[in-house]
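Structure record follows, encoded as structure tokens.
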Amino acid sequence: MAETIDLSGDGGVLKTVVRKAKDDAIAPSDSLPLVDVHYEGTLAENGEVFDTTHEDNSIFSFEIGQGAVIKAWDIALRTMKVGEVAKITCKPEYAYGTAGSPPEIPPNATLIFEVELVACRSRKGSSVGSVSDEKARLEELKKQRELAAATKEEEKKKREEAKAAAAARVQAKLDAKKGKGKGKGK
């Protein structure tokens with residue numbers, strides 16, 4: 001089983017690598033503070049999904065260290081590399097605390113996120129060119145995700161069809177055995 005790392009030193013932010021990044025993958029830094037992530041958040045208490053980018057195949061983007069996300073994410077994403085998938089367990093004091101985030105997240109909730117670091121990049125000026133480049137990049141990422149999801153769905157469909165065909169063959173053999181010896185040749 002993968003090693004769990006205590007990123008906060010007090011058990012408040014735990015990280016377990018689900019899929020390692022390539023050795024030469026880039027990581028967020030002062031020069032690459034903008035990150036794109038794909039994630040699913042669940043309540044540790046009952047496993048209920050409260051937020052995900054998987055349903056609409058979207059990418060969530062933010063700048064690390066600016067307080068745009070919960071404290072656990074600012075801590076954990078700094079330790080990740082592009083392509084890495086990690087399970088991040090966040091105690092309430094590193095997430096939404098005593099207030100929670102109603103109605104999805106109750107007060108004092110421990111949260112578990114499975115996060116994939118899709119990209120990290122530099123801060124750009126908001127010129128028309130960079131905005132259109134960014135939109136094109138995000139569209140391309142979305143297309144790649146949709147293609148992967150469609151391929152996965154097609155594979156699932158083929159497996160289900162193969163199972164159904166095998167079940168039909170077994171049933172036909174059983175039916176053939178039942179028909180023998182019942183006086184059909186009168």
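Cβ atoms are placed via backbone N, Cα and C, with glycine included.
Feature annotation from TrEMBL assigns compositional bias 'Basic and acidic residues' to 149-163. Taking Cβ pairs closer than 8 Å, the compositional bias 'Basic and acidic residues' (149-163) reaches residues 57 in its own chain, all 6 or more past its ends.
The domain 'PPIase FKBP-type' annotation in TrEMBL covers 32-121.
Marked as region 'Disordered' by TrEMBL: 149-186. Helix, strand and coil content of the region 'Disordered' (149-186), in residues and according to DSSP, is 31 helix, 0 strand, 7 coil.
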